[in-house]
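Colleague: Got a structure for you, questions after.
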Amino acid sequence: MAHAAQMGLQDATSPIMEELISFHDHALMIIFLISFLVLYALFLTLTTKLTNTNITDAQEMETVWTILPAIILVLIALPSLRILYLTDEINDPSFTIKAIGHQWYWAYEYTDYGGLIFNSYMLPPLFLEPGDLRLLEVDNRVVLPIEAPVRMMITSQDVLHSWTVPSLGLKTDAIPGRLNQTTFTATRPGVYYGQCSEICGANHSFMPIVLELIPLKIFEMGPVFTL
């Protein structure tokens, strides 16, 4: 999860997030090189006293500053399109979970396990235990297996919401009357936090998402669904 004074992204817990971190580093390197080139050109402009007032055109220079940005855009677009394709790819998910946004809590349905339905509310500060995280803990966590493809079906009962878990690289809008879907495969067990990422009213900041990822064998035993 995120912590104070954090400089980078959260640690990846899914292949998609690993791809996003790699793309972030790739784009950051290109931005750094562009910034260095611009600063170098400005430095030369400010320190060089020679001028030539007879230049009317510069075909070579215009060709360079037209082709070079096009190449840079292609270098950014190609890996971005690849990640977009991967996020939309759904390959025979093992489990399907439905998340429904409400003002201001989440409801979940385990349709593959007897139609289990429960609500997930943020825990008020008075109910927090030592070590719990303020504004991030919930009364009922979403328990899911690792190393198994999970499909999330996401919608809303009232206004626009957004189901977001940064460690998994997930951010899917919850839209009333529409069912969006996304898939992920978690690679590490643990507890991971997210929040609604679409301003949805007065208590928008109090819609945390908590995923508890456990080994598949433990998940299939069943008692994890006891609320």
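Just so it is clear, glycine is given a Cβ too, placed from its N, Cα and C backbone atoms.
Quick paste from Swiss-Prot:
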type	residues	note
TOPO_DOM	1-14	topological domain 'Mitochondrial intermembrane'
TRANSMEM	15-45	transmembrane segment
TOPO_DOM	46-59	topological domain 'Mitochondrial matrix'
TRANSMEM	60-87	transmembrane segment
TOPO_DOM	88-227	topological domain 'Mitochondrial intermembrane'
BINDING	His161, Cys196, Cys200, Met207	Cu cation A1 binding site
BINDING	Cys196, Glu198, Cys200, His204	Cu cation A2 binding site
BINDING	Glu198	Mg(2+) binding site
Colleague: Measuring Cα to Cα, how far is Met207 (Cu cation A1 binding site) from Glu198 (Cu cation A2 binding site) in Å?
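Modeller: Answer for this pair: 10 Å between alpha carbons.
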Colleague: Report, as numbers and ranges, every residue of the chain located at least six residues beyond the transmembrane segment (15-45) whose Cβ falls under 8 Å of a Cβ in that stretch; write 'none' if there are none.
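Modeller: Sequence-remote neighbours of the transmembrane segment (15-45) are 9, 72, 75-76, 79-80, 82-83, 86-87, 166-170, 184-185, 187.
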Colleague: For the recorded Cu cation A1 site, whose residues are His161, Cys196, Cys200, Met207, find every other residue on that chain with a C-beta no more than 8 angstroms from the centre of their C-beta atoms, and list them by sequence position.
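Modeller: The answer, listed by sequence position, is Gly101, Gln103, Trp104, Trp106, Ser162, Ala174, Gln195, Ser197, Glu198, Gly201, His204.
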Colleague: Report the residues of the chain - excluding Cys196, Glu198, Cys200, His204 - with C-beta within 8 Å of the mean position of the site's C-beta atoms, for the recorded Cu cation A2 site, in sequence order.
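Modeller: Once Cys196, Glu198, Cys200, His204 are set aside, the remaining close residues are Gly101, Trp104, Val159, Leu160, His161, Ser162, Ser197, Ile199, Gly201, Met207.
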Colleague: Calculate the distance in Å between the alpha carbons (Cα) of His161 (Cu cation A1 binding site) and His204 (Cu cation A2 binding site), and round it to a whole number.
Modeller: 9
Colleague: Taking the Cα atoms as reference points, how far is Cys196 (Cu cation A1 binding site) from His204 (Cu cation A2 binding site) in Å?
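Modeller: Checking the Cα atoms of Cys196 (Cu cation A1 binding site) and His204 (Cu cation A2 binding site) gives a distance of 7 Å.
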Colleague: From the DSSP assignment alone, can you count helix, strand and coil residues within the topological domain 'Mitochondrial intermembrane' (88-227)?
Modeller: 17 helix, 62 strand, 61 coil
Colleague: Counting only residues 6+ away in sequence within the same chain, which have a CB under 8 Å from the CB of Glu198 (Cu cation A2 binding site)?
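Modeller: Long-range Cβ contacts: Leu160, His161, Ser162, Asp173, Ala174, His204.
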Colleague: Given the binding-site residues His161, His204, which one is most crowded in terms of C-beta atoms within 10 angstroms?
Modeller: His161
Colleague: Please list residues from the chain of Cys200 (Cu cation A1 binding site) whose Cβ is under 8 angstroms from its Cβ, counting only those at least six apart in sequence.
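Modeller: Cys200 (Cu cation A1 binding site) has long-range Cβ partners Gly101, Gln103, Trp104, Val159, Leu160, His161, Met207.
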Colleague: How many other Cβ atoms sit within 10 Å of the Cβ of Met207 (Cu cation A1 binding site)?
Modeller: 27
